[in-house]
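J.: Mind having a look at this structure? Questions to follow.
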């Protein structure tokens with residue numbers, strides 16, 4: 001059993017999603033958004049760090065996955081997003097969690113089946129895959145998508161390792 005924390009970073013809203021892997025299946029544990037005040041950027045970055053640290057303390061994840069920076073419409077937005085990512089990553093590293101990063105295309109491909117999926121499609125598939133009774137907010141759904149992408153990627157790597165080592169289904173004979 002392992003717990004994965006997925007993060008969809010932002011300088012205003014950072015989504016988080018937590019899943020537990022039991023017997024090769026993902027179970028929903030929690031999700032939500034860290035909303036920062038409208039203050040100066042350094043203060044907002046501290047709020048992201050503190051929020052992610054609280055989530056780590058609450059859920060005690062074994063692994064941490066985060067969305068990579070994409071090229072935003074302007075350089076200032078991309079820099080702020082990168083700094084918010086850095087704040088979240090530092091919280092994970094301080095908690096001694098392994099950090100994995102995925103592009104938006106990889107996440108959409110893993111969750112929806114196409115790298116060009118719309119946010120609504122990600123929300124729908126996250127709701128379906130985790131058997132949720134209600135659709136999560138877009139940022140929380142994206143973060144759950146990050147966690148699911150990490151889980152699926154890890155499963156593929158385990159299967160590939162099993163084939164190359166002579167093991168069966170990721171286990172040695």
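Cβ atoms here come from the backbone N, Cα and C positions, even for glycine.
Sharing the features that Swiss-Prot gives for it:
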- 8: active site (ACT_SITE)
- 67: active site (ACT_SITE)
- 139: active site (ACT_SITE)
- 8, 139: Mg(2+) 1 binding site (BINDING)
- 67: Mg(2+) 2 binding site (BINDING)
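How about a rundown of where these features are and what they're close to?
T.: Mapped onto three states, the DSSP output places residue 8 (active site) in strand. Cβ neighbours of residue 8 (active site) (same chain, under 8 Å, six or more residues apart in sequence): 14, 15, 16, 17, 67, 139, 140, 142, 143, 145, 146.
Residue 67 (active site) carries a strand DSSP state (E or B).
Residue 139 (active site) carries a helical DSSP state (H, G or I).
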